[in-house]
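Take a look at the structure below.
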Amino acid sequence: MGSSAGSWRRLEDSEREETDSEPQAPRLDSRSVLWKNAVGFWILGLCNNFSYVVMLSAAHDILKQEQASGNQSHVEPGPTPTPHNSSSRFDCNSISTAAVLLADILPTLVIKLLAPLGLHLLPYSPRVLVSGVCSAGSFVLVAFSQSVGLSLCGVVLASISSGLGEVTFLSLTAFYPSAVISWWSSGTGGAGLLGSLSYLGLTQAGLSPQHTLLSMLGIPVLLLASYFLLLTSPEPLDPGGENEAETAARQPLIGTETPESKPGASWDLSLQERWTVFKGLLWYIIPLVLVYFAEYFINQGLFELLFFRNTSLSHAQQYRWYQMLYQAGVFASRSSLQCCRIRFTWVLALLQCLNLALLLADVCLNFLPSIYLIFIIILYEGLLGGAAYVNTFHNIALETSDKHREFAMEAACISDTLGISLSGVLALPLHDFLCHLP
């Protein structure tokens, strides 16, 4: 690991010399720092993705505003079904929920495309502040909106918050032990589960969408507190956080690694070097793009059309349950890195594409007899998506040099966002086509 590893060893040696009379103190302090950073990154992952997830869970309610006087109407918790579109066998909104997906992802795509070119010039603290303010603004704007257009502007704020935060915090992991990537990923999975479950639970209990969204304003405050008050300075830590076995097993994505390379120097990379690193990342980027394309095509293109009339759940309630079960699967698999590591993530891409084919066929042919079968498939879909995310970034962290890791993490962020954006673009015309079928 070069000079950074050597400086870490010298720091350990000096600590041992200074504390011979109390040999356990430095070790306990080190453990305390590691746990603070681990918990800090888990909370950051949770808070960063929370508004993004809530907006997708609320997508059906946001679009129903075209058929109601704003979103402040009370949500009926009971089983009374909603009126159906008489012109189609699907109970369709006039606009696909993919419209909310696009508003929730396109600003993130722009941020991630531009991030590797110059975002590193802006210090981390202002980025985190902007992310927190945008998150709070999204909840307030959607809560008080009286139109779909204004609500979508609030969704855009959530997208800016999530996209800027993800690029920022994943880049920041380059300065901490590699284990924090697992904690970050678990936190983002927790955001999916807690975000969708909280929206489902509060609306199911009878709370209006407006009050449900306003009750979540503490999340941006928690994000800022975690970054400014909980995380410790990364300087004393080995940025890669690897043991000797991990270092020896590393297979650099490019062949120009030098023993003196260290994280934090990505601003000094030439365009040619950035392009070389990016080409090496394609082995991981392409499978993750496919995974996210397939799962979000399902989530925002097909969920609304996988409607069962012979259940006690209304259409809106079915949609919220789909979102919650998907996020439960994501949380479980994003938290599984210590138990199961997958190097060949293209296998996950293949399985997710098979999920898409199965559910698209069911939308067209209506051959799955029970909503509970759909529940199982959606849970499995979430497991595949979460596993692809955490293993992709873990593999990149292990297989990039210290000098290139910060840039590599920023560049790889484009994978999920690109797949999601493509799925939203294709899901919109599919929705219109299917909803006009008799």
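Cβ atoms are placed via backbone N, Cα and C, with glycine included.
Remember, predicted model here, so these are calculated numbers, not experimental data.
What Swiss-Prot says about this one:
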REGION    1-27  region 'Disordered'
TOPO_DOM  1-37  topological domain 'Cytoplasmic'
MOD_RES   Ser14  phosphoserine
TRANSMEM  38-58  transmembrane segment
TOPO_DOM  59-127  topological domain 'Lumenal'
REGION    67-87  region 'Disordered'
CARBOHYD  Asn71  N-linked glycosylation site
CARBOHYD  Asn85  N-linked glycosylation site
TRANSMEM  128-148  transmembrane segment
TRANSMEM  152-172  transmembrane segment
TOPO_DOM  173-182  topological domain 'Lumenal'
TRANSMEM  183-203  transmembrane segment
TOPO_DOM  204-277  topological domain 'Cytoplasmic'
REGION    239-261  region 'Disordered'
TRANSMEM  278-298  transmembrane segment
TOPO_DOM  299-346  topological domain 'Lumenal'
CARBOHYD  Asn310  N-linked glycosylation site
TRANSMEM  347-367  transmembrane segment
TOPO_DOM  368-438  topological domain 'Cytoplasmic'
MOTIF     409-419  motif 'Lysosomal targeting motif'
MOD_RES   Cys435  cysteine methyl ester
LIPID     Cys435  S-farnesyl cysteine
Three-state composition of the topological domain 'Lumenal' (173-182), taking helix and strand from DSSP: 7 helix, 0 strand, 3 coil
Stretch in 128-148, 152-172, 347-367 most in contact with the transmembrane segment (183-203), if contact is a CB pair under 8 A: 152-172
Positions on the same chain near the transmembrane segment (38-58), where near means CB under 8 A and six or more residues out: 97, 100-101, 104, 131, 135, 138-139, 142, 154-155, 158-159, 161-162, 165-166, 169, 173, 176, 179-180, 183-192, 194-196, 198-200, 209, 212-213, 216, 219-220, 222-223, 226-227, 230-232, 299-300, 320, 323-324, 327
Neighbour tally for Cys435 (cysteine methyl ester), based on other Cβ positions within 10 Å of its Cβ: 19
Cys435 (cysteine methyl ester) in three-state DSSP notation: helix
Non-local residues, at least 6 beyond the ends, that sit with Cβ under 8 Å of the transmembrane segment (152-172): 41, 44-45, 48-49, 51-52, 54-55, 62, 99-100, 103-112, 115, 119-120, 124, 127-128, 130-132, 134-135, 137-142, 145, 181, 184, 188, 220, 223, 234, 393, 406, 409-410, 412-413, 417
For the topological domain 'Lumenal' (299-346), the number of residues DSSP places in helix, strand and coil: 28 helix, 0 strand, 20 coil
